[in-house]
Amino acid sequence: MSQDAAIAEQTPVEHLSAVDSASHSVLSTPSNKAERDEIKAYGEGEEHEPVVEIPKRPASAYVTVSIMCIMIAFGGFVFGWDTGTISGFINQTDFIRRFGMKHKDGTNYLSKVRTGLIVSIFNIGCAIGGIILSKLGDMYGRKVGLIVVVVIYIIGIIIQIASINKWYQYFIGRIISGLGVGGIAVLSPMLISEVSPKHLRGTLVSCYQLMITAGIFLGYCTNFGTKNYSNSVQWRVPLGLCFAWALFMIGGMTFVPESPRYLAEVGKIEEAKRSIAVSNKVAVDDPSVLAEVEAVLAGVEAEKLAGNASWGELFSSKTKVLQRLIMGAMIQSLQQLTGDNYFFYYGTTIFKAVGLSDSFETSIVLGIVNFASTFVGIYVVERYGRRTCLLWGAASMTACMVVYASVGVTRLWPNGQDQPSSKGAGNCMIVFACFYIFCFATTWAPIPYVVVSETFPLRVKSKAMSIATAANWLWGFLIGFFTPFITGAINFYYGYVFMGCLVFMFFYVLLVVPETKGLTLEEVNTMWEEGVLPWKSASWVPPSRRGANYDAEEMAHDDKPLYKRMFSTK
């Protein structure tokens, strides 16, 4: 038996629990101390010896880890599928007949209240599931946690399919499936961020958003394929396909590595080393792997010594956790306030308003643009950084929304809303809606998930991510529920509301959101603790790579006025 194997056998989880209960570090046990000493031997040497980092390899070397992360990211497809299909369901005749009401003349319709509830209650389930079920990732591991929440999602789908003519049964099913998707939305980006190589982390976490867009697009296509049926095939077939997506994800979990940070936290040091080695395509005993494990263990040990994390700790400013939580919740909230779900939830309804004969087809066009554009987003997030992309995204979406709303308000109905709409104005609105979707899909669609997944320290990560993601779901509910009422009252003036939010987003990112491109999760944590100013964060250097003349204090202070910061050429 090798020395590594012998050490691994001496670190049982039961012993870890006993140590934790006595308020000692997981690394203070003799066996784990030996493991730690072995690892530190590779990271320590002469005082000026550079830190050993995992080397970058050719792109072909990362095919395996990329495929594994795509399997994890498939949870986003589940969410996207719901978004794409529900927008069509509320316009399908059989769905309206079963779950709607009747006018005095006998025609069926869905009231604005019922439409808003059916569409948006899913988000409330997601918010609750994200907060409650994300804890499974800390208790049983990210992989097991994902499998459990997918099973909960399936239960909700079964209830929806079994609904015959009671809208509240379908309503309850959407809440339960939302619980599962809420857990997925926290655990999927979390696991991807923890297993992916640092120089690919932004790209691979963005795959979660890519899967969302794929789900939306294929959901639109499925609605288009079933719209000509006159029975429940219209909506039950798209729901039935959810079983295939769920089973694919559960099967994929058997092939992906567990989070090395979770494994280190529960004392499985050897497995943590293997996870890092697999993800980075290097040997388990490579010095760079041992150095990486050492960095993870140092963070875990510090968190263990501090005791169990409580919900109250999220509101402490001691280690900048509160500031990070506010930033994460704001970024996720602002993603919804871009107005994306105004198009995705009600796209079919919107394009009916601009006079299209088949609004289902136009929804497919939006879905194609959304899906294809996300590939660009996967590239730019690592090429240009999180902060730069968010700034450009907010500016470009503002321009698109101004044109879209202005044409809708001033040109769509030249002779009044009771008269036919202008075809030219309608086409212009569709074009700028596509431009808007392109700008959103390349920036604000994937990057909030990236930023939130790499912002929080391990000890509060699941709690903080669940709160931040819950903010996204809450705003999704509000937009989904109130949009029918708002558009009924002010129509395309609604676009100006989103335009105002987009302007605010630009300045919020400029002043609050730091750049984290190319940093390990531990380095991101250090940057926050040092209080680095967001507009200086792109120039920040981790302690392990600093020269003798580096001034860390200067990164946390700036006497230059705001207007000079914004327009300075230096």
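Quick reminder: no glycine exception, Cβ is built from N, Cα and C everywhere.
The topological domains that Swiss-Prot gives for Arg142 and Phe360 carry different names, which places them on opposite sides of the membrane. Mean pLDDT for the topological domain 'Cytoplasmic' (1-60) in the predicted structure: 47. Highest Cβ contact count with the transmembrane segment (175-195) among the listed stretches 61-81, 237-257, 389-409 falls to 61-81 (criterion: pairs under 8 Å).
Counting same-chain residues at least six beyond the ends of the transmembrane segment (432-452), those with a Cβ under 8 angstroms from any Cβ of the stretch are 189, 193, 201-202, 205-206, 208-210, 212-213, 328, 331-332, 334-335, 338-340, 343, 365-366, 369-371, 373-374, 376-378, 380-381, 386, 389-390, 392-394, 396-397, 400-401, 403-404, 407, 465, 468-469, 472, 505, 513, 516.
Note on the topological domain 'Extracellular' (223-236): residues 84-85, 87-89, 92-95, 98, 161, 348, 360-361, 363-364 of its chain, located 6 or more positions outside it, place their CB under 8 angstroms from a CB of the stretch. Separating the Cα atoms of Asn91 (N-linked glycosylation site) and Asn228 (N-linked glycosylation site) is a whole-number distance of 12 Å.
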